[in-house]
Amino acid sequence: AIAAVITFLILFTIFGNALVILAVLTSRSLRAPQNLFLVSLAAADILVATLIIPFSLANELLGYWYFWRTWCEVYLALDVLFCTSSIVHLCAISLDRYWAVSRALEYNSKRTPRRIKCIILTVWLIAAAISLPPLIYKGDQGPQPRGRPQCMLNQEAWYILSSSIGSFFAPCLIMILVYLRIYLIAKRSNRRGPRAKGAPGEGESKQPHPLTAGPLALANPPTLATSLAVDGEANGHSKLTGEKERETSEDPGTPTLQRSWPVLPSSGQSQKKGVCGASPEEEAEGEEEGSRPLSVPASPASACGPHLQQPQGSQVLATLRGQVLLGRGVGAAGGQWWRRRAQLTREKRFTFVLTVVIGVFVLCWFPFFFSYSLGAICPQHCKVPHGLF
């Protein structure tokens, strides 16, 4: 039964991590530089499932080391190498998450594939520095036990403590502190609300946005000396008044603007005929009626062409140079804010998933490293039974 369960775990580990590598390498949406951590982590887990777990299963089932003595030493070194690499990868991912949240603009500009690969190389070098000493310095191994050969980890106290601290306790402490810090940053960010993150509406309604683009678009809209106020909507039209209006000094040929600024109807309302198809007499009559709000199109092309859809909750201010869209939450700043909000949501979701992974990781690894370290601290009185170990 144990062999069947372990075999299923081996196959599941290989298949699942192979899918992770395949997804990152083939999907464009997953080709972000930080996902290289997942590729390297998945590779380390696949190596554990193929080179470590099968020999460990055979050793437990047979009760002795069936393979060569030299392979036992290499096997133990690879065991420490791959497991330490997997743990330090999780630590590096947590640090990457923290830097991306705390220093978003600065770190995201530096988060290049080259930089991520250098961090991954450093992770593997740390794992190698912890796993290779038993191969280089074997120390006093003592007499070999009689009977069938055994393959056991290094029992020297200095190596047990140093490898346990470097492989588990130090990375685990770093991950716990980092994710606690990320949680506090996310909590403080949620308390501030969207306005602290640059909510639309603070500075967006103060600057009009062009409605159209191209040669007929409004290039330089008139400058409003004072803020305009909306009096109210009557007969399907919104009347906008201001204390003072003046034209820009860049174009001396532009006539002086009248006191009442005509406003086009809101979305869903039909436009009146103003320029396209009007006779000179009709245009003159329209100019004489200065107190009545007029619907002036941006250009003859826009008046004769298909009706442009304007966003809901926005108004179009008609000027002598064209149309100016006074939007509520519409524009580049609003789009950037929503994109930033979606990005933060993804960051929080990813951080939550990684936190679950870290929790499972601690529950799985802590019993082994705790009992392994006790053998170096008090080998006589605190020794854990071999079956439990």
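All residue numbers here begin at 1 and follow the chain in the order shown.
A Cβ is built for glycine as well, from the same backbone N, Cα and C atoms used for every other residue.
In Swiss-Prot, Leu36 does not share a side of the membrane with Cys378; the two are on opposite sides. Candidates considered were Cys72, Cys276, Cys304, Cys364; Swiss-Prot assigns the disulfide partner of Cys151 as Cys72.
Annotation for Ser167 (site 'Implicated in catechol agonist binding'): spatial neighbours Val80, Cys83, Thr84, Ile87, Val88, Ala127, Ile130, Phe369, criterion Cβ-Cβ under 8 Å with sequence separation of six or more. Confidence in the topological domain 'Extracellular' (63-72), given as mean pLDDT, stands at 86. Distant neighbours of the topological domain 'Extracellular' (63-72): 55, 147-151; these residues of the same chain sit at least 6 beyond its ends, with a Cβ under 8 Å from one of its Cβ atoms. Highlighted: of the candidate stretches 1-25, 37-62, 118-140, 354-377, 118-140 has the greatest count of Cβ pairs under 8 Å to the transmembrane segment (73-95).
Ser163 (site 'Implicated in catechol agonist binding') sits 12 Å from Asp79 (site 'Implicated in ligand binding'), counting Cα to Cα.
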